[in-house]
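**Q** Quick one: this structure, given as C-alpha cells, is what I'll be asking you about.
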Amino acid sequence: MGEALRGLKRTIMCGEPRENNIGEKVTVMGWVQRKRNLGGLIFVDLRDRTGIMQIVFGEEINKEAFEKSDNVKSEYCIAVTGEIVKRQSPNNDMETGAVELKGEDIKILSESETPPIYIKEGLDASENVRLKYRYLDLRRPDMQKIFMIRHKTCKVVRDFLDENGFLEMETPILTKSTPEGARDYLVPSRNYKGMFYALPQSPQIFKQLLMVSGYDKYFQITKCFRDEDLRANRQPEFTQIDMELSFVEEDDVIDLNEKLLAKVFKEVAGIDVKLPIERMPYKIAMEKYGSDKPDLRFGMEINDLTEAVKNSEFKVFKGAIEAGGSVRAIKAENCATMGRKQIDKLQDFVKTYKAKGLAWIAYKEDEIKSPIAKFLTEEEMKAILEKMDAKVGDLILIVADKNNVVFESLGALRLHLAKELDIINKDEFRFVWITEFPLLAYNEEEGRYQAEHHPFTAIMDEDIDLLDTDPGKVRAKAYDIVLNGEELGGGSIRIHDSKLQEKMFSVLGFTKEKAWERFGFLLEAFKFGPPPHGGLAYGLDRMIMFLAGTENIKDVITFPKNQNAFCPLTEAPNVVDENQLEELGIKKIEKED
C-alpha cells in the first residue's frame, strides 16, 4: 500500500533545479524513470512534466532512505526530500544536469506494475496499444511537451482576444438538428420520446444570435462534433477557436486574425509570420495549384496550354477543348530521365482523380521525347515548351479534361511529385488567405445547389443580382486561412437581412415552410435589427499539429478515437442497458440474417 503525504508539500518541480538552487532543501515528487544501484550509492532519475532530476541515495546520506530506495522500480510514484548539491560529473544533455538531489527522505506514494509501453520519447508502439494505455502514453515527455504547447496556445489566444475587447461566452452543446453537410451526432430525449437533440457541428447559429443580442465581440474555445468518415487529420469530436464580430467587413476580420496568428506562432513556437499575409482568390488558387488549400512552399504551378493547342487535331486535346474543358500541365524539373515504369505510376495516380490519362514530354539534351509528339505540329510543340518555360532536363505532364478533373488531378499530382522529389522545405511556414469562394455548388444527384460553406454566408456585393440569373457564378464573402497546404481556419461575413436569408434558402431548394421549420428562430431574430457581422473559426487541433511539429492529430488530443471512431481505452461506444433504452423510448431492432 502506498504511503500518504501526511502534510508533505512539493516545493520544486523535477525540471526546475539549477546551480543557483545549490544548498536548498527541497521536496520533489514524480515518477521513477530509471534506477541504478552502484553498490554504496543508488541513483534514481525522477520525472514529472517539467523534466528529470537525478537523485542520489547513500548510506552516508541517510541509511533508512538508502535502503528504502532500493525497493523502487520504474514508474513508481515517489516523494523525495533532500538538499540540492553540485554534481561531480555534470550531464550536459539534461536541463538539470549541473545538480542533483541528496535523498534524505523518501515516501513511496504508489507502486507500478511493469508498463505495457516504454515511458520515453520517440516511442515505437502500435497506435492501438498507445490509445488503450493512453494515460501511460501521456506520461511520455514528448507528449507532455505537446500539451504544454496546447495550453500556451489557448492562453495566448485568450489574452489576445481579451485585450481586443472580446467576451468569452458559451453556447449550447445540446441543440437542434439542422442536417446540411456532415451527419449530426444525435442524443435521444427522455422527456420528449421520439425526439432528439444534436451535438453541434459548430456554434455558427448561436454566435450569430449573440451578435443580434448586442455582444459585438464573442469568442470561445469549444468542442464540435461531426459524424463523418475519419481521415488522418480528422476526429469525430474536435476543438475550435471560434469568434464573431459585429459591424465588420472582410478586411477587419482578416487584419485582426493576422495579428492573432503572428502572436500565437511567435510566442508559442518562435516562428515569425510575415504580415500582411498573401491573399489569393479561389479561382487563381484552383488554376495555379489545383486546390483551394495550396501549398506555396514549392513551385511546379499549373500552366494553361489551351490557347497553345486550341487548333490541334490531337483528339484528346481537341475533345477536351470542344467539351468546354481545358489542357493544362505542370513541369517537373530535372525529371526528363524518369523511366517508363515511373511515368506509368503517375498515369495510374491521376486516374484515381478521374483523369482519363496523362500525356508527357521529356526535354532531353539530344531530343524531345514524347508519345504524343507524332500528333502535334512543330509549332504546337514549340508553343507548349515556350508556355512551360521548359529547359533541358524538364518533364512536362499534361492533363486534358473537364476543368474540375484537370485541376484536381494536376493539383494532387503536384503534391505527390513534390513529396517524391523531396523539394518541400519542411522548416518553412507559408500562410495564404483564400478568398472569393463560390457561394454555391450544384449537386447533380439531388438536382439542387448546396452551400459551399454554410447557408449564412454573405454574397459579394457585385454578385447579388446573379443569385437570380446564374447562382453558380455567385462569389461569397468567405475566406480561409491556409498553412502549408492545410486549412487552418475559415470564416465569412454573414447575411444579416432576413429577406436575403430567406432567398438564400430558396436557392438552396428549401421551401419557405422548410426553412422556417429548421431555422425559424434565426429568421425571427433577424426581424429585430441584426448588425452586419462576420467571424472565423480555427481548428485548434490542427493548429497545435503545426506548432508541435506532428503530422498525427491523435498526438494533440488527450483521449482521441481511432480511425473507426472507437476508443480503445474506454471501449466507447458501448452497449447500454435495456432499461436505459426503455426510458428513452428506444427499441433495438435485430437484423435478420
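Using the three backbone atoms N, Cα and C, a Cβ is placed for every residue, glycine included.
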**Q** Taking 132-135, 204-207, 272-275, 308-311 as the choices, which stretch does Swiss-Prot tie to region 'Aspartate'?
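**A** It is 204-207 that Swiss-Prot describes as region 'Aspartate'.
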**Q** Among Glu287, Glu487, Glu590, which residue does Swiss-Prot name as a further ATP binder in the site formed by Arg226, Asp227, Glu228, Gln235, Gly539, Leu540, Asp541, Arg542?
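**A** Looking through Glu287, Glu487, Glu590, the residue Swiss-Prot assigns to the ATP site is Glu487.
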**Q** Would you work out the biggest C-alpha to C-alpha distance among Arg226, Asp227, Glu228, Gln235, Glu487, Gly539, Leu540, Asp541, Arg542, the residues that bind ATP according to the record, and give it in angstrom as a whole number?
**A** 20
**Q** Using only C-alpha positions, which one of Glu228, Glu487, Arg542 is spatially nearest His453 (L-aspartate binding site)? These are the binding-site residues in the record.
**A** Glu487
**Q** For the region 'Aspartate' (204-207), would you mind checking the mean pLDDT of the predicted model?
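**A** Summarising the region 'Aspartate' (204-207) by its mean pLDDT gives 96.
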**Q** Using Cβ atoms only, which residues of the same chain lie under 8 Å from Arg494 (L-aspartate binding site) while being at least 6 residues apart in sequence?
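**A** Within the chain, Arg494 (L-aspartate binding site) has Cβ neighbours under 8 Å at Gln208, Phe456, Thr457, Ala458, His533, Gly534, Gly535.
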